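Undergrad: What follows is a single structure, and I will ask about it in a moment.
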Amino acid sequence: MDYEALKDQWSDVEDRDGIRLSWNTFPSSRMEASRLVVPIGAVYTPLKDKPDSPLLQYEPVTCKAPCRAVLNPYANVDVRARIWICPFCLMRNPLPPHYKDITESTIPPELHPLSTTIEYQLARPAPTPPIFVYVVDTCQEEDSLKALKDTLVMSLSLLPANALVGLITYGTMAQVHELGYTECAKSYVFRGSKEYAAKQVQEMLGLLSAGVRPNMPQQPARPPLGPAARFLLPVQQAEFQITNVLEQLQRDPWPVANDKRPLRCTGVALSVAVGLLETSFQNAGGRIMVFTSGPATEGPGHVVGPELKEPMRSHHDIDRDNIKYYKKAVKFYDAMAKRAANNGHIVDVFAGCLDQVGLLEMKNLVNYTGGHMLLTDSFTSSQFKQSFVRIFDKDANDNLLMGFNASLEVLTTKELKVTGLIGHAVSLNKKSSSVGETECGIGNTCAWKMCGIDPSSSYGVYFEIANQGGPAAVQPGPQRGMMQFLTYYQHSSGHYHLRVTTVARNLSGPAGDPTLAQSFDQEAAAVLMARIAVFKAEVDDGPDVLRWVDRMLIRLCSRFADYRKDDPTSFRLEKNFTLYPQFMFHLRRSQFLQFFNNSPDETAFYRHVLNHEDVGDSLVMIQPTLDSYSLEHEGSQPVLLDSASIQPSHILLLDTFFHILIFHGETIAEWRKAGYQDQEGYENLKALLEQPKEDARELISDRFPLPRFIVCDAGGSQARFLLSKLNPSTTHTTGGYGGGVTSQTIFTDDVSLQTFMDHLMKLAVSGTS
């Protein structure tokens, strides 16, 4: 099968199962696997939209303990004997009584050959409706606070009618608003400079007095019993009160001198929010949504002092270990993140500030709990408002697309073992026969807790080939390795759902089987390797990570390219490997591994988004797309991400996922400034100027977070966003000045892709890594 047909096949599998594998044939021995260089891995999107598949309204049929695999199309079913054989542990299981009518021709949906992904609505209802706690920073300008209040009031109409809502505001003090008290505005105040233990928070809020009575049945529309009901009210009952409280919010009254930052106790507000939820709502779906407009400057978790002359930490400070508050703040927020994750609660952080707010220190609050991280200049910006609204997107039945309190378990057949996961989750420390000996990412477990999950949440799951002792019993036909992904989550309709994806791939033949190389998916592999590189970058030095990326690339090319030893001119890669070196070239230069021009908060944000998206979107972040528009061609033409693509009479549209940029070449910019497009007879120029805007609108329409939109001209200051992403094939060191070169000269010492490839070929053919 040729490469294009294979790509279509992998794309169909991704649409059906939400999964892309780095290798679509598994090596049959551990020795063979070690020579692959790129690990066997899957980028899995559990809640990928599947409009055509039915929701099964019954419990899944599972294998006996300890296996617990779910019945799937790969199971052998004996309809006469009413038994099925589990493909994971080969145990025989009786079919339940309600399967008595099945025959070879009438089978239940989960056994249909195309039902490799299926979703069940479980009988177990969620213990409470979804909970939303807004944690609002009041140390901000009037216009910004007003815009934020308007957005929050509007968001109440997007929540499910039975959702519980709470409000905490903070500045110099943290205040928990008692929404259930209607006589007047009433709140509990916590001092911003003091650290409160979980028990203290619960005592001060009176949460320990009655407690939720165990084993009490819950009605879905009623708030749970217990003292927390004073602070968390159902939207449908209390929309008026909540709106009133939000509209009456004032700026923090504490005076701020000109040479000082406002006193902001983000850490105290967060610990109060986590304490409020963990007392009464353990293992219930809830979101703590933090809106901050500046760094924490007092109390636990503060990231900078109140003096303005003391700057926020930079990457340079972190490298030199010149960080006064960093380690203590990280320790505080990480402990908070673990508490929230253990209880199934999500933490989102929305920053509306030109300066850093301490996302670097707080990142694990979001990363451990599957929350959203959003970095904007102000809460007045459309980027914040539109991104925030997208979080509350709904399905055809008017249910929120977000899932709560989610967990993922991976089962494998004896040939495979799971080595870890890289994504927004924490380990559930579950051991099984599927757990491998080595560790990649969050390892030593076969189950993870994600808390928050949405249709684009994607996870990198890594595998190894098990040690097979002695010759395996030869089975007729090709042997298969299998994996099953079980995703449990609380649906916003009030029920628990289970989504099951079962994947089977052939094992390779004897050593040197060509099907192994042909099964390499370079796009999925690049994304899986990028996740490992970013995971390493969190703990290792930057140069060490770059060396690791280079070493792995050289080893892969040495293993799979065709060449004569020590002859770089003979170097050839098969079609399904040719793009991989260029993905690695752009990954090395990307904002995920290079800190130049990025603050630590921005780096934390970019890495967070990379670890959330699927293969297609992640590739756009690693290697942005570039389209060219000109009067000679109709519509857009994809062009190389190269400085040679900049032409005076062309318009370029760059999509980096985080930015969408329209760049007018020199001549086009002059024509536009002269107003030719408004004159009669120049309709084609007007259409040319409009076309990239239309395409940009389409790109923005379904993206989260909303990208920053930039329109610039050749020579303008904003053009730097484009120039920094291009391969510098035309620099001040190539080509003579005054020559007839029409492309842009880039002043940089970075090597070009051509130089990078020359070095790669030289090293690969010499057999040194």
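Note that Cβ sites are derived from N, Cα and C of the backbone, with glycine treated the same way.
The structure displayed is predicted, hence computed values, not measured ones.
The following feature annotations were taken from Swiss-Prot:
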BINDING   C63, C67, C86, C89  Zn(2+) binding site
Undergrad: Counting only residues 6+ apart in the same chain, whose Cβ is under 8 Å from the Cβ of C86 (Zn(2+) binding site)?
TA: C63, C67, A69, A75, N93
Undergrad: Taking the center of the Cβ atoms of C63, C67, C86, C89 at the recorded Zn(2+) site, which other residues in this chain have a Cβ no more than 8 Å from that point?
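TA: Sorted by sequence, the hits are K64, R68, A69, F88, L90, M91, N93.
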Undergrad: Three-state secondary structure of C86 (Zn(2+) binding site) from DSSP?
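TA: Once the DSSP labels are grouped into three classes, C86 (Zn(2+) binding site) ends up as coil.
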Undergrad: Give the residue from the binding-site residues C63, C67, C89 that has the most other Cβ atoms within 10 Å of its Cβ, counting over every protein chain displayed.
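TA: Per the Cβ count, the most surrounded site is C63.
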Undergrad: Under a three-state reduction of DSSP output, how is C67 (Zn(2+) binding site) classified: helix, strand, or coil?
TA: coil
